[in-house]
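Novice: Sequence annotations record features per position, and here Swiss-Prot assigns active site, O-(5'-phospho-DNA)-tyrosine intermediate to Y814. As annotated by Swiss-Prot, ATP binding site applies to N100, N129, 157-159, 170-177, 385-387, with the evidence given as similarity to another entry. Under the heading Mg(2+) 2 binding site, Swiss-Prot lists D550, D552. Look at Swiss-Prot and you will find 1362-1379 tagged as compositional bias 'Acidic residues'. Residues or ranges marked as domain 'Toprim' in Swiss-Prot: 464-581. As annotated by Swiss-Prot, phosphothreonine applies to T1280, T1390, T1562. If you look up Swiss-Prot, you'll see Y1358, Y1408, Y1596 marked as phosphotyrosine. Annotation comment: Swiss-Prot describes 999-1008 as region 'Interaction with DNA'. Look at Swiss-Prot and you will find 1098-1128, 1245-1586 tagged as region 'Disordered'. Positions annotated as region 'Interaction with PLSCR1' by Swiss-Prot: 1493-1499. Positions annotated as site 'Transition state stabilizer' by Swiss-Prot, on the basis of similarity to another entry: R813.
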Amino acid sequence: MAKSSLAGSDGALTWVNNATKKEELETANKNDSTKKLSVERVYQKKTQLEHILLRPDTYIGSVEPLTQLMWVYDEDVGMNCREVTFVPGLYKIFDEILVNAADNKQRDKNMTCIKVSIDPESNIISIWNNGKGIPVVEHKVEKVYVPALIFGQLLTSSNYDDDEKKVTGGRNGYGAKLCNIFSTKFTVETACKEYKHSFKQTWMNNMMKTSEAKIKHFDGEDYTCITFQPDLSKFKMEKLDKDIVALMTRRAYDLAGSCKGVKVMFNGKKLPVNGFRSYVDLYVKDKLDETGVALKVIHELANERWDVCLTLSEKGFQQISFVNSIATTKGGRHVDYVVDQVVSKLIEVVKKKNKAGVSVKPFQVKNHIWVFINCLIENPTFDSQTKENMTLQPKSFGSKCQLSEKFFKAASNCGIVESILNWVKFKAQTQLNKKCSSVKYSKIKGIPKLDDANDAGGKHSLECTLILTEGDSAKSLAVSGLGVIGRDRYGVFPLRGKILNVREASHKQIMENAEINNIIKIVGLQYKKSYDDAESLKTLRYGKIMIMTDQDQDGSHIKGLLINFIHHNWPSLLKHGFLEEFITPIVKASKNKQELSFYSIPEFDEWKKHIENQKAWKIKYYKGLGTSTAKEAKEYFADMERHRILFRYAGPEDDAAITLAFSKKKIDDRKEWLTNFMEDRRQRRLHGLPEQFLYGTATKHLTYNDFINKELILFSNSDNERSIPSLVDGFKPGQRKVLFTCFKRNDKREVKVAQLAGSVAEMSAYHHGEQALMMTIVNLAQNFVGSNNINLLQPIGQFGTRLHGGKDAASPRYIFTMLSSLARLLFPAVDDNLLKFLYDDNQRVEPEWYIPIIPMVLINGAEGIGTGWACKLPNYDAREIVNNVRRMLEGLDPHPMLPNYKNFKGTIQELGQNQYAVSGEIFVVDRNTVEITELPVRTWTQVYKEQVLEPMLNGTDKTPALISDYKEYHTDTTVKFVVKMTEEKLAQAEAAGLHKVFKLQTTLTCNSMVLFDHMGCLKKYETVQDILKEFFDLRLSYYGLRKEWLVGMLGAESTKLNNQARFILEKIQGKITIENRSKKDLIQMLVQRGYESDPVKAWKEAQEKAAEEEDSQNQHDDSSSDSGTPSGPDFNYILNMSLWSLTKEKVEELIKQRDTKGREVNDLKRKSPSDLWKEDLAAFVEELDKVEAQEREDILAGMSGKAIKGKVGKPKVKKLQLEETMPSPYGRRIVPEITAMKADASRKLLKKKKGDPDTTVVKVEFDEEFSGTPAEGTGEETLTPSAPVNKGPKPKREKKEPGTRVRKTPTSTGKTNAKKVKKRNPWSDDESKSESDLEEAEPVVIPRDSLLRRAAAERPKYTFDFSEEEDDDAAAADDSNDLEELKVKASPITNDGEDEFVPSDGLDKDEYAFSSGKSKATPEKSSNDKKSQDFGNLFSFPSYSQKSEDDSAKFDSNEEDTASVFAPSFGLKQTDKLPSKTVAAKKGKPPSDTAPKAKRAPKQKKIVETINSDSDSEFGIPKKTTTPKGKGRGAKKRKASGSENEGDYNPGRKPSKTASKKPKKTSFDQDSDVDIFPSDFTSEPPALPRTGRARKEVKYFAESDEEEDVDFAMFN
C-alpha cells in the first residue's frame, strides 16, 4: 500500500475489525489453506489522510445518504421544513468553508460581503469573502506559505491558543482540509494588502496532488475565495441534487441572518435578509396558530453577543440556533440556557391562569416554544466535529443573556400561554373521560347509599328515573314513597348538600369530587358525548333525573346547581326532558277532615287573605322533607302527577338564564338581575300586589327560564340578605336574631353563650347550625382593637384578643355574656312598637330591622360577600357620629369623618376618596434598636410575628436576614416588639422607610359600601355622609312616629285613669249604683253616662288594625270595616277595680296618677321629634362615659394590683415587669410616609375614571354555602391587627379644619381660649349663628392645657320649658336662653398665668415634629398652683401614636386642645383627660357630645394614692414619691431600674446614658413637663368651687374610646 509523503502528516495505527479477520480466516479454511495471515497484514498503520478517507464518519459524519426532516430553502416555496435526502459528510465540508468565511468577520470588522456560488451542473462550489486576507508569507518553521499550510496540511489552524478568547467557529484544525480531502479539485485564492501579494494554489485527487503556488504582486482590497469540486463518488452521488442544493442554500440564508453587518450574495443575487429578526420571518411568515392568527414573534437583542426570538410552536419544542455562525441543529447548552429562563417565567403565568387543576411541568411548557438564538460564545466546544450540539458550560460562555421583564411579559402574551392552557384543558378532558365517564352496566358496585333501580342499565333503562334527594332524611322519605310506585323503575341517591358549580370549578375539583363522579357513574354519562338522538340516550342507565329537595331557598339552589351541571356538560339532555323535580307542600292547613296543601308561601298568604275565621284552621309548616311522615310520603307518591314537575326546554332564553345565574362572566348582569327583582318586589309591596309563585294547582311543567327568574333568584336574594347588613341597624339576620332574643329574655344575669345560642334558635326560628350562631354571639361581644367600637354584648370570659384576631376565643360552653347597658340606649324599647316584626312558622320573630339612635353600621363597620355584591365598611367613632347627628338636627351639614378603631394607637390618613392609609407605630430607640408599638388595624400580633419578623430574622434564599433579634413585650391588648439590627441596616431601612420595611402600613379601601336600605333594596353608597344622611332622614321620621305613638298611648292611659277616677268619685257621691244589677244593665248605664270602653285596649286594637290595613290594602271593604272591638264594649278596667279603690287614700292616689299622666301628655306634645332624639343621645353619651370609665377602672385594677386597705404604699408589683410592656420614653417616633401611597391611589382613581369597571368582590359560585364570615382582611388589608384594652393612653385624634384629613384629638373649630379672671364663656361672641358657636345641639367644648388636666365642667342638663306652645320662634328663643346659661356653667377654669390658646386649626396635618429634648413650655405652665401640680404625674406615658403629627406644635405653643365634655376618645367625664388618637385628625371634626351634667373636679387630696407608681405611670395615676414612668418621648429622666446589665433591653433606661435620680416630688420640673405628658394625657385645672352635688373621686385611665370591637359578628 502506497504511503503519502505529505509533510506533517502523522501515522495512524489501524486495527482491523475482528469480524473482517474472522471472515478471512473462514475463507482461508474454505480454500483448504492451512496458512494464517501474517502479523503485518493484520496490524496496519495508515497515514492521517488515508485514515480520513478510510473512516470519513469520524471526521465529517456519514457519507451514506440520509433521509430526514430538515429546514431547507426552495426557490418556489421559500424556507420550509420537509423530508430531504442528503449526505451529511458533503453538507459538512461545505459548511466548514462557509463558517470559515463567517469567522473572518470576527477577525476583521470591516468585512462586508460573502458570495456563495453553487453550480450543480458543473459540480463547482465557490465561497468568496472580503475582509482581511490570509497572510501571503512563508511560514518560517514549516517553510511553506501560510495559505498552503492551513489549507493543504492537516492539523494546522490559527485556533490552537486557548488562552485567547475567540468567538469563531473554527477550533480543531480540520475544517477546510477535510473539504480539500473530499474534493477532486480544491483551489484557494487569497490576497493580502498587508504583504502586497496574492496567492493561488490548487489541490487535486483528494489533496494528494498539488499544483505550484502562484504568487503575484497585489495592491487591491483583501479577499479570500475557495472553489472546490466535491468528490461525489466518495458520497455515492452522481451530481449535486435538488435536496443538497436546497440545504446549502438555507445555510447561505443562515449566514445572512447570523452575521451582523454582512451581505450575502447567492449565485450573484443578494439575499433579502437584513439581520436576525428578518431571518426569523423566513420561518414564521404565513404561519398561523390554532386560532387562525399569525404567529407573533418576540425579539430581544439582549446584548451584542445574544440575539433571541421567541414564538409559539405547535409541533413540540423547536429551536433554530447559531453559535459563532455554526448551525447547532441539535441545540446545546446555549439553547437550554435561554429556554430555561423563558420556561421558568411562563410556568408562573400558566399556574396562575390554570383553572383546570392539571399540574404543568417545565418540559410541557417547553413543548410549546419555538426559539431562535444567535450567539457568540468564547471558545465553544462541541460533542463532535460535525458541531451540531454545543457542550460548553454556561459559566464559560464569556457573556450572559439576561432577558428583560418586557420580553417575558410579551412572551406570556404571544399565544404560548394560551396554547399551553388549551393543551391543559384537553389533557384534563382526557383525564375526565378516562376516570369520570361511565358506560352502561346493569349493576353498579362501590357507590354507598345508592338504592339502584332494578331495571337500570337494562333494556328498560330509558324508563328509569333516578331520584336525587337532599340528604339521608329525604332519601328515607323517597324510599317510603317507593312502596307505592315500586322499585323497578326508580332509584334513589342522597346528595350530601350542595354540589359543585362545575361551570367555574377547576379540573382538580371535578376529578376529586366524589358526588359528581358518582352521579355520572350511576346515570352512565360520558364527557363530551352529545346526546342528540334516541340511540345515544340508550347508552344511559337512567332516562331521567328527579330532583327532590326541601322547599326552601337552599333547596332551590341545589336544583339550580344540578341543572347547571347537566347544562354545562350535556346541554342536549335538557332538550329531551331529562330533568324533573318532586315538590312537597311547604304549608298544610286542616280543619275537621278538610286538608289543604300549599307549595309556596305567597300562595298560602293569598289564601289567608280570603279565608274567614283563620283561627279555626290548624296550620303546619314543613321546613324540610324530614318533617313529612312516612304516611305523607306515600300520599305524595300516590299522587305523582301533582307532585312531579317537568322541566321543559323553551329555547335559547333558557340557556341564557342558566348561564346568567352561574357563569363568572355574568357578574354585572347578575347585579342588574337582582336589582330588577328587588325593585319589582318593592313595587309589589307598595301597591299591595301579591308576590309571584310558581307552583299553583295547575302547574305540571316549568321552563328553566321561569325557574331561574322566579325561584332561584329567591336564593340569590336570600344570600345577599344573609351576607350584607342593613343600613338601618347594621345587622345581618343572624345578629338581629341574637339581639331580639336578648331583648326578649332581658337577662339581668350573665348567661352561657352556648345556652343563649339555643335560646336564639328557639325564640327567633333560626334554621341553621348553632355553631355559626355561637360565633355570631362571640363576635358581637368582642372588644379588642379592630373588632367592635361598641360591643352590644358583654364579653365575660375569653372572647378573643388581638393576638390572634379573635380566633383564640374560648369554647362557647365556658364563656358568658349578657346585654351591654348601652344596648337599650342605642335601641330604645319604645321604638319596638314601631317596627315591623317578621313571622316564621307562624311565630313572631325579629323585626325587619331595628332602628338605633345612631347608625351602628358606621360604628362597628360591616363586611360581607353576597351574590353579585360585596360590602365593606370601616369603623367610625361613636361620639363623632353623635356630634354630626346633632349638627344635622341644627340644620348643618355633617363634618367629614375618617375611619376610627377604638384603642388603635396608630394613624389613619386619607389617600383619596374612600381610600385611607393605616399606619402602625415604630420608634428608633438607639442606633441598633427599633420599637414597634402598634400594628395596622387587623394585623394580628401573632400573624405579624410569624409572617413578617420571623422571615426578617431568618432570611430566605433570595433575601438575607434584615434583623438580628427581636423581643416581645406585648400583652393581649398592647403591642411591643423590640427589634435589634445592625447600625448599617437600620440606616438603610430608615432611608427606605421603616413603615414600609417592617410592613406597618396597609391601605383601607371603601369602594364597596353596599347596604340594604329601609325598603329592603340593595344600594351602593359613595360616601359615609350619604349613609349618615339617609339614616338621619329615616330616624327623624321614626321619632315623629314615636311621638305619635307615645301621645296616643299616654292619651289612652290618661283617659283610662280619668274614667276610673270619675267612676270612683261618682260612686262615692252616690251618682252610680252597681249593687244588685245585671251586667248588661251596668254596661248600658256606663255607656249612657259617657264612659268609654277600655281606652288602652281600644287604642292598641286600633293600632293593630291600622297595621293590618296597611299590609293588606287589597282586602274587601267588609273586612276593612270590621269594628276594632268586635266583642262589644269592655269595662273590665272599671268594674274589676277592688273595693280598696273606694278608700280616701286610693282615691287621692288615682287622682294624682291621672293628673301626672295628663302633664306627661302635655309635656310630650310640646316636644319636637328632634328634642326626643337629643334626649336619647345625651343619655347614651352619659352611659358611654360610665361604661368606658368602668373599663378603664377594670384595666387599672388588673394592672396595678389591689392596695392594702388603710395603707398608702404601693402594691407588690415588680417595677420592670410593668415598665417592659410600656414604650421606651427615649424613642424617636418615625412619621408614617404616605406620599407614594397617595400617588398610587391617584393613579388608580384616574384609571378608574377612564372607564375601568367597579372592582367589587363578589361571590360568583353558587356551590358554596353562605358561611357568614368572610376571610378577614380582604384585599386591602394584608395583615389584620387587633386592639388592646389599652394600657397606654389612647392615641389622640386631633381635630383639624375641613380640608385637612389627619385624625388627632378633637378640638373646637375656630374657638379661642379665655383667661380665668374674665369668667366668661370663651366661645361666646356676637356671631351666635356661626358654625363654631356652642349651640344646644353641639357639645360644650372645654379647652385643654397640654400639661394640665382640663377642668371639670358641669354637664348641661337639658331642660324643656313646656309652658309655651311649640312654635319655632319661641323654641329658638328658649334654646338661646338655655344656651347662655349653659355656656356660663360650663366655662373652663384656666390658670391665671395661661393667657393664650393656640387653636389646632393652624396645625399642618403632616406635622409630626417630635420633641425629644426639653419642652418649650412657657414658664406659666410650670408655675401652676398646687392643685394642678398634684395632677402632674397623671397620664405620664403616651401611646406611641401620641407624638402625632403636631405634638411638638402643641407643646411649643401651649396649645389647648378644646375637647368636648363628651370626649370622643374615651368619653371621659369632665375631669377626665381626653386622650389623643392619631387615627389622623378628622376633617373639621365637630366638638364632641353635649354633656348632661358637669361634675366637680376632685380635690387634690382625693387623688388615689394607693396605686403603685410604676403601674400609675402606665395609666396616668401619680405617686408623690416617684418620678413618673411614662411613654413620654422627651428628656425626662427616669429612675434607674436597678439593672446593671447594659446589654439587656431596659425600657426604663435611656440609651447610652445613666438615668439620673430625681428628688421625689409631686409636681414636675419645668423642663420635664412636655416630655412626661403626652398629647393624650394632659392634666387640667380643677373647676371653681360651685354649688351642686359633689362628684365622686375620679378614676384616671390611659385609654380613650370604649372597648370597641369591630363587628366580627357582622361577618355572620
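Every residue, even glycine, has its Cβ placed from backbone N, Cα and C.
A quick note: this is a predicted structure, and the numbers were derived from the prediction, not measured.
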Novice: For the domain 'Toprim' (464-581), DSSP counts of helix, strand and coil?
Specialist: 57 helix, 20 strand, 41 coil
Novice: Could you check what DSSP calls T386 (ATP binding site) once collapsed to helix, strand or coil?
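Specialist: Once the DSSP labels are grouped into three classes, T386 (ATP binding site) ends up as coil.
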Novice: Measuring CA to CA, name the entry from the recorded positions N100, S157, G175, R813 that ends up nearest D550 (Mg(2+) 2 binding site).
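Specialist: Nearest by Cα distance to D550 (Mg(2+) 2 binding site): R813.
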Novice: Which residue counts does DSSP yield for the region 'Interaction with DNA' (999-1008) in the helix, strand and coil classes, in that order?
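Specialist: Its residues fall into 0 helix, 5 strand, 5 coil.
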Novice: So which one is it: of the binding-site residues N100, S157, T386, which has the fewest other Cβ atoms within 10 Å?
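Specialist: Candidates: the binding-site residues N100, S157, T386. Fewest Cβ atoms within 10 Å: S157.
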Novice: Between T386 (ATP binding site) and Y814 (active site, O-(5'-phospho-DNA)-tyrosine intermediate), how many Å separate their Cα atoms?
Specialist: 82
Novice: Just to verify: the residue among D550, D552 with the fewest other Cβ atoms within 10 Å, which of the binding-site residues is it?
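Specialist: Candidates: the binding-site residues D550, D552. Fewest Cβ atoms within 10 Å: D552.
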Novice: If you count other C-beta atoms within 10 angstroms, which of the recorded positions K177, R813 is the most crowded?
Specialist: K177
Novice: If you count other Cβ atoms within 10 Å of each one's Cβ, which of the recorded positions G175, Y814 has the most?
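Specialist: Going through G175, Y814 one by one, the largest Cβ count within 10 Å is at G175.
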Novice: Just checking: which of N100, S157, K177, R813, Y814 have a Cα that is within 10 Å of the Cα of D552 (Mg(2+) 2 binding site), counting only these recorded positions?
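Specialist: Among N100, S157, K177, R813, Y814, not one has a Cα sitting within 10 Å of that of D552 (Mg(2+) 2 binding site).
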Novice: What whole-number Å value do you get for the CA-CA distance of G175 (ATP binding site) and Y814 (active site, O-(5'-phospho-DNA)-tyrosine intermediate)?
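Specialist: So the alpha carbons of G175 (ATP binding site) and Y814 (active site, O-(5'-phospho-DNA)-tyrosine intermediate) sit roughly 89 Å from each other.
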Novice: According to DSSP, collapsed to three classes, what secondary structure does Y814 (active site, O-(5'-phospho-DNA)-tyrosine intermediate) have?
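Specialist: Y814 (active site, O-(5'-phospho-DNA)-tyrosine intermediate) sits in coil per DSSP, no helix or strand.
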Novice: Roughly how many Å lie between the Cα atoms of S157 (ATP binding site) and R813 (site 'Transition state stabilizer'), rounded to a whole value?
Specialist: 91
Novice: Return only the integer: C-alpha distance in Å from R813 (site 'Transition state stabilizer') to N100 (ATP binding site).
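Specialist: The separation of the Cα atoms works out to 88 Å.
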Novice: Please compute the mean pLDDT of the model over the region 'Interaction with DNA' (999-1008).
Specialist: 91
Novice: Under a three-state reduction of DSSP output, how is S157 (ATP binding site) classified: helix, strand, or coil?
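Specialist: The residue in question, S157 (ATP binding site), is coil (DSSP, three-state).
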Novice: Distance between K177 (ATP binding site) and Y814 (active site, O-(5'-phospho-DNA)-tyrosine intermediate) at the Cα atoms, whole Å?
Specialist: 95
